[in-house]
């Protein structure tokens with residue numbers, strides 16, 4: 001599992017309430033699937049397992065989305081398939097995990113990439129089922145759109161072929177969780193606070209509704225516009241919940257400043273006010289997130305961030321751009337100073353480090369932690385094969401007996417070390433672990449690792465080690481000959 005993806009997985013995991021199924025969600029089986037897909041132009045299909053926690057969490061939101069679409073008289077259908085009872089369908093559409101959601105347009109499936117909240121599901125299927133960009137001809141039409149769609153993005157360009165207009169259309173074609181339109185007149189543009197060429201984002205969230213604009217001169221490339229849209233689709237500070245998680249981490253802005261605090265704390269109101277003030281200053285550069293320590297489901301995120309609940313309030317910055325990187329403020333740095341320091345590249349990574357166990361060298365598989373990693377793995381006199389793992393990772397657990405047996409094979413060879421490092425407790429600045437398990441070998445005489453991506457069995461592991469170190473028996477004989485000389 002990708003480490004970045006696993007972080008997102010932690011964010012979206014929670015247990016949903018048990019509610020009655022909606023009659024507006026079609027129940028599909030192998031007997032009626034083809035008929036339903038071919039008989040409706042737009043169908044969103046959820047493949048689920050009854051025992052799946054994430055499926056249970058999604059169910060009420062999925063049902064609500066179906067009900068809303070029905071109320072609006074939409075032609076879009078929402079359906080579900082119990083993949084455990086319809087395994088032929090699950091196999092046909094390559095269902096590898098639950099829930100898997102596919103969108104069928106005229107019978108052709110594409111992967112659902114939207115969020116898990118009701119409004120996000122509705123907005124996504126509407127976007128996919130209609131034109132990429134709609135022309136809004138009147139203020140009344142704009143108001144109607146605002147009433148039906150949580151996020152409306154409105155462009156206004158006097159020159160429809162300008163660079164900014166071209167960038168806008170490209171972004172509209174690639175962003176699925178917002179409704180994109182262009183103003184048909186200056187009057188419509190003005191109703192969205194656009195008094196000159198540019199883009200407005202209108203977010204309708206009850207008391208937290210907001211209209212934000214960006215001028216044409218600032219629309220210089222698609223990445224910049226996507227990041228601006230991501231920032232302003234969210235509140236200045238967004239509380240992490242099951243509904244908001246996908247929207248927080250799923251956009252194009254991959255930098256996050258977390259305020260970790262109990263909402264029940266007496267200092268909460270004052271602290272969140274200061275955090276929000278800073279968030280508004282850095283709105284399009286970093287996403288500001290509130291994490292409530294009192295919410296039980298947030299415990300694993302605290303673990304990921306390396307924050308003890310007893311030591312809160314606290315704050316951390318996380319980047320998911322290329323790989324996972326975490327930062328914590330220096331002593332005395334307030335929210336603004338820390339954010340500035342990070343954005344200017346002055347903040348050092350916050351790397352976890354486990355204490356070295358006294359018996360780290362007692363078994364054939366040597367235990368590495370941050371403090372002894374360089375000494376052992378980068379020892380140029382030895383070939384060192386390291387397993388980077390997570391205790392909760394299923395694939396890592398399956399690998400344990402094979403890795404133990406491999407270590408036993410080379411235990412008498414002084415030139416080969418088989419080791420393991422718990423990457424959830426130890427982070428290394430110069431070694432990036434992007435999946436679990438990650439296997440890397442440092443050949444003798446080299447500080448550059450070789451990644452292993454072959455089959456995870458004893459025979460293949462031995463072949464790999466021997467390629468760089470010679471066979472266990474050959475190395476042992478060579479060592480004995482050297483001692484005799």
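We number each residue from 1, going along the chain as drawn.
Cβ coordinates come from backbone N, Cα and C, glycine included.
Per Swiss-Prot, active site, nucleophile is recorded for 393 (among others). Secondary structure at residue 393 (active site, nucleophile), as computed by DSSP, is coil.
The Cβ neighbour count for residue 396 (active site, nucleophile), using a 10 Å radius and every protein chain shown, is 20. The annotation active site, nucleophile is assigned in Swiss-Prot to 396 (among others).
Summarising the environment of residue 52 (disulfide bond), the number of other Cβ atoms within 10 Å of its Cβ, over all protein chains shown, is 16. Summarising the annotation, Swiss-Prot assigns disulfide bond to 52-55 (among others) and lists sequence analysis as the type of evidence.
Among the features that Swiss-Prot reports, disulfide bond is placed at 393-396 (among others).
As annotated by Swiss-Prot, domain 'Thioredoxin 1' applies to 21-130.
Feature annotation from Swiss-Prot assigns domain 'Thioredoxin 2' to 342-470; the stated evidence is sequence analysis. A mean pLDDT of 94 is what the model gives for the domain 'Thioredoxin 2' (342-470).
The feature motif 'Prevents secretion from ER' is assigned by Swiss-Prot to 482-485, with sequence analysis given as support.
The signal peptide annotation in Swiss-Prot covers 1-20 and is backed by sequence analysis.
Annotation for residue 394 (site 'Contributes to redox potential value'): no same-chain Cβ neighbours under 8 Å separated by at least 6 residues are found. Residues annotated as site 'Contributes to redox potential value' in Swiss-Prot, with similarity to another entry given as evidence: 394 (among others).
In the shown protein chains, 13 other C-beta atoms lie within 10 A of the C-beta of residue 395 (site 'Contributes to redox potential value'). The site 'Contributes to redox potential value' annotation in Swiss-Prot covers 395 (among others), and the record cites similarity to another entry as its basis.
What Swiss-Prot lists as site 'Lowers pKa of C-terminal Cys of second active site' is 456, and the listing cites similarity to another entry. Sequence-distant contacts of residue 456 (site 'Lowers pKa of C-terminal Cys of second active site'), defined as residues of its own chain at least six apart whose C-beta falls under 8 angstroms from its C-beta, comprise 395, 398, 399, 402, 439. When secondary structure is read from DSSP and collapsed to three states, residue 456 (site 'Lowers pKa of C-terminal Cys of second active site') falls in the coil class.
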Where's the emptiest Cβ shell within 10 Å among the recorded positions 55, 393?
393
In angstrom units, rounded to an integer, how far apart are the Cα atoms of residue 396 (active site, nucleophile) and residue 52 (disulfide bond)?
22
Taking only the Cα atoms, work out how far residue 55 (disulfide bond) lies from residue 393 (active site, nucleophile), in Å, as a whole number.
20
I'm trying to understand the geometry here, so how far is the Cα atom of residue 393 (active site, nucleophile) from the Cα atom of residue 52 (disulfide bond), in Å to the nearest whole number?
17
Taking DSSP states H, G and I as helix and E and B as strand, how many residues of the domain 'Thioredoxin 1' (21-130) are helix, strand and coil?
44 helix, 27 strand, 39 coil
